[in-house]
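Among the features that TrEMBL reports, compositional bias 'Low complexity' is placed at A:23-35. Residues or ranges marked as compositional bias 'Polar residues' in TrEMBL: A:41-50, A:58-67. What TrEMBL lists as domain 'RING-type' is A:99-139. Marked as region 'Disordered' by TrEMBL: A:16-67.
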Amino acid sequence: MGNCLKAVSSSNDDISLLREATSIPRESSSSSEQLGPPPSYQETVNQPSSLPVYYPSPNVSRPASQLTEEEQIKIAQRMGLIQHLPTGEFDGSKKNKECAICMGDFTIGDPIRFLPCMHIYHTECIDDWLMRSFTCPSCMEPVDAALLSSYQTD
Amino acid sequence: MAEPVPGISAIPDESNARYFHVVVAGPEGSPFEGGVFKLELFLPEEYPMSAPKVRFMTKIYHPNIDKLGRICLDILKDKWSPALQIRTVLLSIQALLSAPNPDDPLANDVAEQWKINEGEAIKTAREWTRLYAMSG
């Protein structure tokens, strides 16, 4: 590993994960009324705290503006891959009765997500984790490897 | 913890439920045997998405624990999983006391000593256990 000598920075913990980025400014300038150029890109310099925070790895949190290009790609891939993992509602038929992340019992109708290793979690719980690490919390199987090699969801 | 683990206790702080006072007994057969080691464990806001912060408060001579009590343990860093619990973390720390790993050091001088002369290092670890972890 050799990662232990590095200082692990863990600051601002309390910002939600997937908040939407700031929207495009709507108001058109007064001089060009209808056929003017599209509104120019605005950088939101004033509110760094409102930027979404991402987790390139579980112990590293960074505002969207400070991600390296490599990290941006990683995050975008994760967001895409999560959408390919099947979801459903807990119907009581699974052996697994407890979400290993929140340690709460599943109740009938809870939204759940299935990983390729067949472990299930509350959708909300596992999505939060998958945005940080694409591994199954229970068996540590890399989720994307399983997704890409064999596309079995049943 | 629902089922108590032999040799480990974790009691939440009276004023901060995220902060735990932990005591780990030195495992039998290790140079830490007979010692009682105090640790602090803090659950960050992000827990269980990020690992608890754990630190030895009792001085210990161990290649993976530095003089500030910080612990080099993969599950506290890049191998963290939200399915791990306080219980499993403390069991891993107890296991680390039984199996020091000088090839993945945090305290470089201790690890060096452990590799050059393991017998001497174990003697020092026993001595430190007697000096710092047996005062009661």
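The backbone N, Cα and C atoms fix where each Cβ goes, and this holds for glycine too.
Source: prediction; values computed, not measured.
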Inset, instruction - Tell me, roughly as an integer, the mean pLDDT over the domain 'RING-type' (A:99-139). - result: 94
Inset, instruction - Using DSSP, tally how many residues of the compositional bias 'Polar residues' (A:58-67) sit in helix, strand and coil. - result: 3 helix, 4 strand, 3 coil
